Amino acid sequence: METPSTNRRIGFRELTTTTFFLVAIRGTDENTTLYFQIGGNAAWMVPLLQWLAFVSLFVPLTRKMERHGADDVFRLLKLMWGPTATRLVASGLFLLLLALGALCFRPYVVMLTVMFYLRTPEHAVGLVLLLGGMYVASRGYEAIGRMGSMFFVYAMLFFVLLILGIADLVDPSYTFPLFGPGIPQILRESFLTLGFFGEPFFLAFLAGATKGGVPTFRRAILTGTGIAASMMSTFFLMYLWVFGFPSVNDILFHYQQLTRFAHFGLYISHIEAIFLYIWVMASVARLAVVLYLLVQLLRLALDVPEGRPLLPLVTAYLFLTSLIPVGINDIFRWKYAVVVSATFAMLLLGFAVVLWPLPAGKRPPLGGRLH
């Protein structure tokens, strides 16, 4: 059952921190390898450019929602294309995000078992992570926001401590040449991999659960993704300055390796377990948001009133896919393809909604709440 609440709605602070965890953790997981592959020593620029592209696509979408009185993009799509076509859109996005979620979850299990829990079976580690995310997701959108808001302070605190702990190891000279493989490649790859910001974009389907309506939703998403992009950029600079270039390309799980270098003086070292705890909690928070978003998209696609019974099915799928013995290089290759597909899905949805003609006074009928 969900956490007792008067309205089951999420506020600005909760949505901001939830969005932050959705994006920022990509700077601490296996996606770091992809960023360095596409950006070289200029990988730190990529999330900032992606955020600018995200803003240019997200703001017009929410402006149109606001102009036509649609509290979420699902109702706006029903107004434009009718219920059947809208459910097909929700189905396609569900399958796309389900594939992306599976490809993102598997490396989490690999990282924890290879680097920290060598004697623990992979399926046990994956099951614990998924059960944690499933429990939080089952408590509802508001509970997810509360968890994100609570752990945001700790995440920022340990982010600062990590920077201080490795400050004497950095070498900023690796920043140059400033544009790495060249401006054309940086711009092209930043645009193609905009799908890394896909989950916050598709949270527009849940915008109706935001206190303050679309304006608050827009400000929260832009603030959360902006902070996350800045943190990712900072992490990439730290990896570059500590590990060097091109050596940084030969490392997997950069964040976990970096925490092993953190120290304070001569006697305070080997404190990576503290940073691991924060990372695991952040990953559970992200899993909870992804599971909840997937369940709501599936609910909209199936046109059923209750989404909670679908949660175990989605969770079971992610768990079963995590058991498939796939090499990490294959995961990177498939993930890049899925991320590019998510980019084009964002562009198609964004441009279709913004450019589709609607009479100025036409508004969707009022709908129910999320379940």
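Each residue, glycine too, has its Cβ placed from N, Cα and C.
Over in TrEMBL, the protein carries these features:
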{"type": "TRANSMEM", "residues": "42-61", "note": "transmembrane segment"}
{"type": "TRANSMEM", "residues": "88-118", "note": "transmembrane segment"}
{"type": "TRANSMEM", "residues": "124-144", "note": "transmembrane segment"}
{"type": "TRANSMEM", "residues": "151-170", "note": "transmembrane segment"}
{"type": "TRANSMEM", "residues": "190-209", "note": "transmembrane segment"}
{"type": "TRANSMEM", "residues": "221-242", "note": "transmembrane segment"}
{"type": "TRANSMEM", "residues": "274-298", "note": "transmembrane segment"}
{"type": "TRANSMEM", "residues": "310-328", "note": "transmembrane segment"}
{"type": "TRANSMEM", "residues": "334-356", "note": "transmembrane segment"}
Tell me if the transmembrane segment (334-356) touches the transmembrane segment (190-209). I count contact as 3 or more CB pairs below 8 A, with pairs 6 or more residues apart.
yes
For the transmembrane segment (310-328), I need the partner stretch with the highest count of C-beta pairs below 8 angstroms, choosing only from 42-61, 88-118, 151-170, 274-298, 334-356.
88-118
So if I exclude everything within five residues of the ends of the transmembrane segment (42-61), which remaining residues of that chain have a CB under 8 angstroms from its CBs? That is, six or more out.
26-27, 35-36, 73, 178-181, 186-187, 189-191, 193-194, 196-197, 200-201, 204, 218, 221-222, 225-226, 228-230, 232-234, 236-237, 240, 346-347, 349-350, 353-354
Restricting to the same chain and to residues at least six past its boundaries, which positions have a Cβ under 8 Å from a Cβ of the transmembrane segment (334-356)?
31, 34, 57-58, 60-61, 64, 73, 76-77, 80, 89, 92-93, 96-97, 99-100, 103-104, 191-198, 201-202
Determine which residues of the chain contact the transmembrane segment (124-144) at the Cβ level, with the cut-off under 8 Å and only residues 6 or more beyond its ends counted.
1-3, 5, 8-10, 14, 18, 105, 108-109, 112-113, 117, 206, 209, 280, 283-292, 295, 308, 311-312, 315, 318-319, 322-323, 370
Tertiary contacts of the transmembrane segment (221-242), as residues 6+ beyond its ends and Cβ separation under 8 Å:
15-24, 26-28, 32, 35-36, 41, 43-48, 50-51, 54-55, 58-59, 159, 162-163, 166, 169-172, 174-175, 197, 200, 203, 248, 251, 254-255, 258, 261
Other than its close neighbours in sequence, what residues sit by the transmembrane segment (274-298), given a CB gap under 8 Å and a spacing of at least six beyond its ends?
18, 21-22, 24-25, 28-29, 90, 93-94, 97-98, 101, 104-105, 108, 112, 116, 129-130, 132-134, 136-137, 141, 144, 147-148, 151, 154-155, 158, 162, 199, 202-203, 205-206, 255-256, 259, 262, 307-308, 310-311, 314-315, 318, 370
